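*Asks:* Residues or ranges marked as transmembrane segment by TrEMBL: 6-38, 50-71, 98-121, 133-151, 157-174, 194-211, 349-372, 384-401, 413-439, 460-482. The domain 'DUF112' annotation in TrEMBL covers 10-433.
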Amino acid sequence: MFEFGIVQVLVSLLGVVIGIIFGALPGMTATMAVAIFLPLTYAYDLGTSMYLLLGLYVGGISGGLVPAILINIPGTPSSVTTGFDGHPMAKRGEGVRALRIGITASLMGGIISLIVLALFTPILADLAIKFSAVEKFLIILFSLTIIAALSKGKMTLGIFAGFLGVFISLMGIFPDNQTIRMVPTMFRTGLRDGFQLLPVLIGLFAFSQLFEESELGMKQAIMGENVLRGEQTKKFHIRDFKGQLVNVFRSSSIGTFMGILPGIGGSAASLLAYSQAKTWSKEPEKLGTGAVEGLVASESSNNGLTGGALVPLLSLGIPGDSTTAVLVGAFMLQGVQVGPLFITQNPVLWNTILFALFLANILMFLVMFYPIKYLANIIKIPKARLYPAIILLCVVGAFSTRSGNLVDVITLLIFGIVGYIFAKLGVPVTTFLIGFILGRDLEKYFIDSLKGSGGSLSVFFSRPIGNWIWVLILASLAYAFYDNRRYSKQQKMLAEKTKEAIEA
């Protein structure tokens, strides 16, 4: 059984529509949408909240294809390859066709990822139940190192951000002896339990974006030729997907399984899916010039990410991407623990999440497919008209976290500035956030492991499963070192070629 009724349908529809708007405006992401609307979940039970938040998630990811195709600017990072073929199609009078192909591919990717979520999460959770504190500590450590490993050219920054997040999360009361640590005396009352997750999330992903837009002067950056004006030379037909089923399945699977690996993100998934589509294509030279298979690969992979990113969250308690890291806040606000026991302890909520994700994908398709010619006007909305309302939502959301504690508004501002500085320095915000969310658990499992072994560190190297996880940790760091050296060499060669070209 699962929660379902007219209220849930309307809430999901609201989430999808708002998510599409956020996804279609470059610079405003699904993560930002979920973070801003997270405080609204106070008004609902967790099941109904999932309809809203997953609607925002799916709508936000899907909405990114609109500006990518129409003006060749990805609305979200996961739409980075959508414009490679979508925009050339639009320029030759196939804009509506390209949009509808992308929307249909997004639906297929979302459904395939949902099937993987339903089948794979219980298996992984059953395995994780057998884990002791040692394995849980090492799994969290592995999730932090693999994120760093996949931060191209930023391994050191990735590791730094992850462990800085862990360090900040440890501020406040120490559970074992009730002492307050790392908190200035004047803030000991407000920060007794450390920084609250909700204002941290909103600060990092919403408020920081406002600072970046302010730097640009709040100008309407969404310019470009309206390629939907004039006659459309070729219309969408289901035959456009003839011969694309293997491509859809392959690209959706890549997106889903890239989503399972914590912190990789949609841009990496869509780039890999696109490169594989080119590798297996019978006419690879056509990709990048307006080929259907390139567009299908990009959109099915980035929506495939949605279900995949939920797998580690619901089975291990480890967020798969920045948006699912924000979703942790919804569970924590309602007192629900995500992890190996989540499905057995919350069977109705588990079924509700599956159905909410299915409904969000169906509603996304219906909302975007038929009125797409009118929906495309979203990209004309000036951000200066939206952002005052967003600022209000951010401040009210932070202020309501603990029924009107001003410290939470200050936290919002602090982490908004932190997120802005991180963006300027190239520090991965997602890595920091995952470290912040998992920091307390990392400490807890470390201490529990030492208590069980009488204080001996050898316990971390004496369990078979633990040793295999150590192999994965070392392998991810070795790969990171190799990949970063290769990336640095490529950048150096590119800089030299650019210099030679300028001098010539």
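Using N, Cα and C of the backbone, Cβ positions are placed for all residues, glycine too.
I would like each feature placed in context: is it buried or exposed, what are its neighbours, and how far apart are things?
*Replies:* Counting only same-chain residues 6+ beyond the ends of the transmembrane segment (6-38), those with a CB under 8 A from a CB of the stretch are 44, 47-48, 51-64, 66-67, 73-77, 79, 198, 201-202, 204-206, 209, 212-213, 221-222, 322-323, 326-327, 329-330, 333, 356, 359-360, 363-364, 367-368, 375, 378-379, 381, 383, 386, 390, 393-394, 397.
Through the fold, the transmembrane segment (98-121) approaches residues 58, 61-62, 65-66, 69-70, 82, 85-86, 89-90, 236, 240-241, 248-249, 251-253, 255-257, 259-260, 292, 295-296, 298-308, 310-311, 314-315, 343, 354, 357-358, 360-362, 364-365, 368-369, 372, 376 of its own chain, all at least 6 residues removed from its boundaries and within a Cβ separation under 8 Å.
When Cβ-Cβ distances below 8 Å are used as the criterion, the transmembrane segment (157-174) is approached by residues 144-145, 147-151, 180-183, 191-195, 422, 425-429, 431-440, 442-443, 480 of the same chain, each at least six residues removed from its ends.
For the transmembrane segment (349-372), the list of distant contacts is 1-4, 8-9, 12-13, 15-17, 20, 46-47, 50-51, 54-55, 57-59, 62-63, 96, 99-100, 103-104, 106-107, 110-111, 114, 117-118, 303, 306-307, 310, 314, 336, 342-343: same-chain residues at least six beyond its ends, Cβ to Cβ under 8 Å.
Same-chain residues lying 6+ beyond the ends of the transmembrane segment (384-401) with a Cβ under 8 Å from its Cβ atoms: 25, 28, 36-39, 42, 196, 198-199, 202-203, 206-207, 210, 213, 218, 220, 408-409, 411-412.
When Cβ-Cβ distances below 8 Å are used as the criterion, the transmembrane segment (413-439) is approached by residues 140, 143-144, 147-148, 151, 154, 157-158, 160-170, 195, 197, 199-212, 262-263, 265, 317-319, 321-322, 325, 328 of the same chain, each at least six residues removed from its ends.
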